[in-house]
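I am attaching a structure below and will ask some questions about it afterwards.
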Amino acid sequence: MRFRKFYPSFSRSWPTSQNHTVRQLSKRSTIKPRNNSRTDSDIVKCNIAITNHMRSGQCDAALHLFNSMPRKTSVSYNTMISGYLSNGNFQLAQKLFDGMPQRDLVSWNVMISGYIKNKNLGAAKKLFDDMPVKDVVSWNAILSGYAQNGFVDEARRVFDLMPEKNEISWNGILAAYVQNGKIEEAGRLFETKQNWALVSWNCLMGGYLKKKRLVEARQIFDRMPKRDEVSWNTIITCYAQNGNLDEARKLFEKSPVQDVFTWTAMVSGYIQNGKLDEARRIFNEMPEKNVVSWNAMIAGYVQSKNMDLARELFEAMPCRNISSWNTMITGYAQSGDITRARSLFSMMPHRDSISWAAIIAGYAQSGDSEEALQLFVEMKRDGEILNRSAFTCVLSTCADVAAFELGKQIHGRVIKAGYVFGCYVGNALLAMYCRCGSIDEAYEVFNGIEDKDVVSWNTIIIGYARHGFGKEALEHFELMKQAGIRPDEVTMVGVLSACSHSGLVDTGRKYFDSMTQEYGILANSKHYTCMIDLLGRAGRLNDAQNLMTNMPFEPDAATWGALLGASRIHGNTALGEKAAEMIFALEPWNSGMYVLLSNLYAASGRWADVGNMRLKMRDTGVKKQPGYSWVEVLNKIHTFSVGDSAHPEIGSIVEFLEELDLRMKEEGYVSATKLVLHDVEEEEKQNMLKYHSEKLAVAYGIMKIPAGRPIRVFKNLRVCEDCHTAIKHIATIVGRVIILRDPNRFHHFKGGVCNCGDYW
């Protein structure tokens, strides 16, 4: 009986095989008919042995036995095919199926399910269409395939065409609606039929639970003709997760069976509602705990940042699973204790994509982007399949360090994994291209995101703004509104930044004035800072001061910084001093503002005041942030500081820069020595400017990056005026596109000009 249960087609396929054998034996009088039963018995034994080999993962042993069989039935082939599929050997299963001398109904059904499991729905549908005879199992398989892949309408079309339906068919289409969030359609379908199976009642109730529709879930529960443990646990979970803990507790006490899942539902409910002490009390009372119970309690402590109690429970667990380790690693990483997170990660007996994503995210959040990317490389080497979280985290890390080439490689893997068109990964990919200096590829990714959300639109608008393409940014803002996406505070920061970077004063003023009236957005400090920056850069310093005076709140350091920057551009020392004084009061540690004011003094020849700034920085313990630039060559980040001598190829770089310097001077380049904050001879000032970090990085990029490809250089501080002028000349001399990113924006140099129009 067990044999027939495992092979549902045995009773159907056997007579066919037996008749075929009889016909063959009638032609061979030397073989006695009584041996036929022995042969059939041997085949059955071999089929059972093959099944056992496959269940143990011994595919080679199963194949050896299969090949040694003097005669094989369709059951033999089906056993091998099913075994290969269950062990993940799809290609071998397909090859065997294609080579079958004769297929029965089970053969077709098994292979259709194999194609579906292997994510090849098109091939499964073709096989289904080619079937000479179909049964309800065939129809259910293809219906399930469409449902699992989110094609609910197509699944319903298959369901409606089915000549025969069973409980699996009805539950399959109901589950398709529920799993794909179409709860209204699921409810309407449910009302068209009576006598649903218990699993269907539970399925619909669970669907209402996912949608947090407590009333409908309770109605289903009350209507159920009979209930099992799943029914009770689902409704208890429903109330617990939605904050109605009193009703959850009443149902818990009424439940005829209080198993470990019922208890865990109550523990989880109290945890989700922030009642950790009550959750722990129930946890301690549990007559039986499983790993889910332990993990739920540990996760509660992790969420409340109580890592000591989380660690205490983790150590006390009788048996841990991979989720236990992942929760602890995530907790330590998110709390900033990357050392303990890494220690646990190294101790793990097994890892999955969540483990890798957690530790990679931990290093990225702690600022160690290089280690994050190194772990990603190890993850690939380890053969781990990446999930959405890992892709998103690594793409964000690539954006932080501007690892463009690695980001492109990850893009390729994203496409293979099928994630590219979703918002979750698509937005991370979009941000990576924007921040790595490839706005054209960012635009292609943006177009490929099918369901663009507000983050998608904000990212492309801010991307265009930072790259200095104000017109394109504003065009996408209008397209965003046409698409029915409501702008938010971040959107308007991007719009105003686009106007600021492009000098669109009147346009910026119009958008600023319309924020509250049209979109219900109250202007915050970032919006005011954008407007003050816009007015100040345009030379309208009085308007900028008036706007600051009329702000509904006190200006912060960033707002005063925008005014100080504008004062430096237009040489208004008095206003610059006033702005700097306010910044020093608000942020005495802000070294960048000391440098800006020093630049303003140096441009006016006030060297004594420059010296005073140095003394003030020393007395207050403020240290100037060292400037550095980096460029990616062959998947490796090369970092340079001013006058760098540490790079192994610095000799060649300096020699190349000297050649460029001579050619630039021939074309009229003159060093902006006024920017040097030291009262020294002119020649010495020129030498001090010659080896700025961005020039070294640009030179190395030209030397190493193949012709025809842009040079992308990144700097942690604002690009200086002299380097900006020099790189315009360099771009012309070498005939290359040079893209430079600083904290404020991107500069695209080509043919002797920058797309910022020298307005930054």
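A Cβ is built for glycine as well, from the same backbone N, Cα and C atoms used for every other residue.
The following feature annotations were taken from TrEMBL:
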- 668-760: domain 'DYW' (DOMAIN)
- 18-38: region 'Disordered' (REGION)
- 73-107: repeat 'PPR' (REPEAT)
- 135-169: repeat 'PPR' (REPEAT)
- 197-227: repeat 'PPR' (REPEAT)
- 228-258: repeat 'PPR' (REPEAT)
- 259-293: repeat 'PPR' (REPEAT)
- 321-351: repeat 'PPR' (REPEAT)
- 352-386: repeat 'PPR' (REPEAT)
- 453-487: repeat 'PPR' (REPEAT)
Same-chain Cβ contacts of the repeat 'PPR' (259-293) under 8 Å, 6 or more residues past its ends?
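Residues 229, 232-233, 236-237, 239-241, 243, 245, 248-249, 252, 299-301, 303-304, 306, 317, 319-321, 323-324.
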Six or more residues out from either end of the repeat 'PPR' (228-258), which same-chain residues have a Cβ under 8 Å from its Cβ atoms?
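Same-chain residues near the repeat 'PPR' (228-258) but 6 or more away: 198, 201-202, 205-206, 208-209, 212, 214, 217-218, 221, 265-266, 268-270, 272-273, 275.
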Would you kindly list the residues that approach the repeat 'PPR' (352-386) from elsewhere in its chain, counting only those six or more residues past its ends and only Cβ-Cβ distances under 8 Å?
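Hits for the repeat 'PPR' (352-386): 322-323, 325-326, 329-330, 332-334, 336, 338, 341-342, 345, 393-394, 396-398, 400-401, 403, 406, 413, 417, 637.
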I'd like to know the mean pLDDT over the repeat 'PPR' (73-107).
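Per the prediction, mean pLDDT sits at 86 for the repeat 'PPR' (73-107).
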How many helix, strand and coil residues does the repeat 'PPR' (352-386) contain under DSSP?
26 helix, 0 strand, 9 coil
